[in-house]
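Everything below concerns the one structure shown next.
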Amino acid sequence: MFRLEVRTSTPAWFNLALPLLAIGATLILCSGLIALAGAGVLEAYGVMFTASLGDSYAITETMVRAAPMIFTGLAVAVAFRAKFWNIGAEGQLLAGAVASCFVGAIPMPGPLAMVLMALAGAAAGAAVALVPATLRVKFKVDDVVSSLLLNSVIYYALMALIEGPWKDSFSGYPISPPIEDSANFPVLLEGTRLHLGVVVALIAAPLIWFLIVRTTLGFRIRVTGENPEAARYGGIHVERVLISTALLSGALAGLAGVGEVGGVHFQVMSDISPGYGYSGIVVAMLARLNPLGVVPAAIFLAAVMTGAEAMSRATGVPAFLSDVIQGTALLAMLVALLFTAYRIRRVGAAR
Amino acid sequence: MSAVFEQIFQVGFLAAIIRIATPLAFATLGEMFSERAGVLNLGIEGIMLLSAMTGFTAASLSGSLWLGVLAAVLTGMLMGALHALFTVVLGLSQHVCGIGVTLFSSGLAYFLYRLIFGQQSVPPNIKGFQTLPIPVLSDIPVLGPAVFNQFALVYMAILAIPLAAFILYRTPWGLSVRMVGENPRAADSAGVSVIATRFQAVVLGGALMGLAGAFLSMAQFNAFTFGVVSGRGWVAIALVVFGRWDPWRSAGAALLFAFVDALQLRMQASGLGHIPYEAFLMLPFIFTIVAMAVMSRNAVAPSALLKPFRREER
């Protein structure tokens, strides 16, 4: 006989084992789709791997794609730690992109422009995230729905800009004017797209980890998320912590947008984010809300996205497989997390 | 202003409102059933997209539009069951699962569509539903041709509203749905199976979301494109809140949104006014967020929304 028991604690190796289990299950489940498309499963995954992580150029491309997801992943991880349900990273990213594009278009010395772009983007993202947090703290409005709905508001605001005042009057395309050349983030490796923003993302992860694990604010965020009653009893101003969390989370998501404008597109267009904000949720869950885990989780998703294009060209399997993998990975991870809540124990027969 | 006024009372304009409102009404009623049972379904956007795809594909391959509708409804029910399996049976967090279901379903829709139809410069289309005038009623001036000369799916949506209200407020099952959404503990004590009722409500909701998708790809656009849903699922989430989780009010909210949307399309086409059309598209979302803040004093949301039910936890 087997019995389901409630777990009181989880061993540390679970942090690594569960995401790997989820990813393994995902790849097995999605291999059915590859077979359906009439391609060899191992061949398809092989091409995917080589094209995304097989050589140094491929790795730089994957890293460029991982950067925005590191930021949105951190944004979601920080927010979820405090149980501030920020589903709005997508909108916060777009706000950050728009703000940094405004600043980047103003002529000024390059380094100054980059710093101001980052500040403006972070501020814009934080401002957007402040809305659902304030509504929750002041009016007890559900943050899941309000942060989700704000994504659409910000998206249409962006569309109004690029189809209105920002519209390219020469070509008629709905794209913003480009930022100043001097504001383009420096490329770190000649011949690649690896830009400064990628390094900033990689540095941000350990910094956020330090903040969450080692600082007072981080402690307050964690306690607020785990047990708001105890937090309040312990003298923590829970409402203020939620607001701070939202500002931090929104700023991080905003920085994702800054990197895309300053390092990849140099302007704003309607499809500047292929859903990086939602991918951030996948990344954060795979990372078990650990900021250090966000980096490998984001690289995994980025590799799948980068590799899918090459896989499609080589095997004819539609590149949309990467979208399926993303969704499946999130669902598989959620199921895997059940192992942290329950354990299966053999009972009866042994006694 | 009078020009705008004249526009409103044109038959074509009224008919456009009804057509825009139809998929929203289906989707909103679907989300409402799910939420009244205590389950937020953020999978709606993806479920509508996947249903639009399977419906279109089935209709296109079989040549039967109703077979397409059936495929879309079954797809909606299946994805609803998936969401219910995760959130109701396993008790996983509803919002994260919902995003997962949306990502998964949209990915699957794109993948399968590309696999079946390949990459074509002009997306394949079908001969979609044709208008079906209802005798006598369609002869009523203005209202007749606008409301009673529509697609069969429009009539279904119109009938779905009182039917949903009847089911929710006048049947034992509807009572169970409201109970498990408000106070699952009490419902459980009264012998109502919380898990089964919630599961059924989410699956019924999925069926309605499937109808919404079917309408988009088989009556409105007669093709499946990647932007066929383009946020209508999120609109439905907003409309449920705006309609205070009530079938009549939710349908009314859908109609109001459709009116604003149709007006926006007209103004765009006629070059009337200088307000960017995006401002109108934003309105339902902004209104809903404001409405949530205003309504928060008198809690109208199902009390157990977002809360998984585990019998052993007391």
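A Cβ is built for glycine as well, from the same backbone N, Cα and C atoms used for every other residue.
Values in this document were obtained by computation on a predicted structure and should not be read as measured data.
Taken verbatim from TrEMBL:
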TRANSMEM  A:12-42  transmembrane segment
TRANSMEM  A:62-80  transmembrane segment
TRANSMEM  A:87-106  transmembrane segment
TRANSMEM  A:112-132  transmembrane segment
TRANSMEM  A:144-162  transmembrane segment
TRANSMEM  A:194-213  transmembrane segment
TRANSMEM  A:276-304  transmembrane segment
TRANSMEM  A:324-342  transmembrane segment
Same-chain residues at least 6 beyond the ends of the transmembrane segment (A:324-342) whose Cβ lies under 8 Å from its Cβ atoms: 4-7, 10, 14, 18-19, 21-23, 25-27, 29-30, 33, 279, 281-282, 285-286, 288, 301, 304, 308
Among the ranges A:144-162, A:194-213, A:276-304, the one whose Cβ pairs under 8 Å to the transmembrane segment (A:12-42) are most numerous: A:276-304
Paired segments the transmembrane segment (A:62-80) and the transmembrane segment (A:144-162) in contact, 3+ CB pairs under 8 A: no
Beyond the flanks of the transmembrane segment (A:276-304) by 6 or more, those residues with Cβ under 8 Å of it: 15, 18-19, 22-23, 48-49, 52-53, 62-63, 65-78, 80-81, 87-94, 151, 202, 205-206, 208-209, 212, 253, 256, 260, 322, 325-327, 329-330, 333-334, 337
Contact set, same chain, for the transmembrane segment (A:87-106): CB under 8 Å, 6 or more residues outside the stretch: 68, 71-72, 75-76, 113, 116-118, 120-129, 132, 144, 147-148, 150-155, 157-158, 161, 176-180, 183, 249-250, 253-258, 260-262, 266-268, 272-273, 275-278, 280-281
Close approaches to the transmembrane segment (A:194-213) from elsewhere in its chain (Cβ under 8 angstroms; 6 or more beyond its ends): 60, 63-64, 66-68, 70-71, 74, 77-78, 81, 114, 118, 185-188, 221-222, 248, 252, 255, 258-259, 262-264, 290-292, 294-295
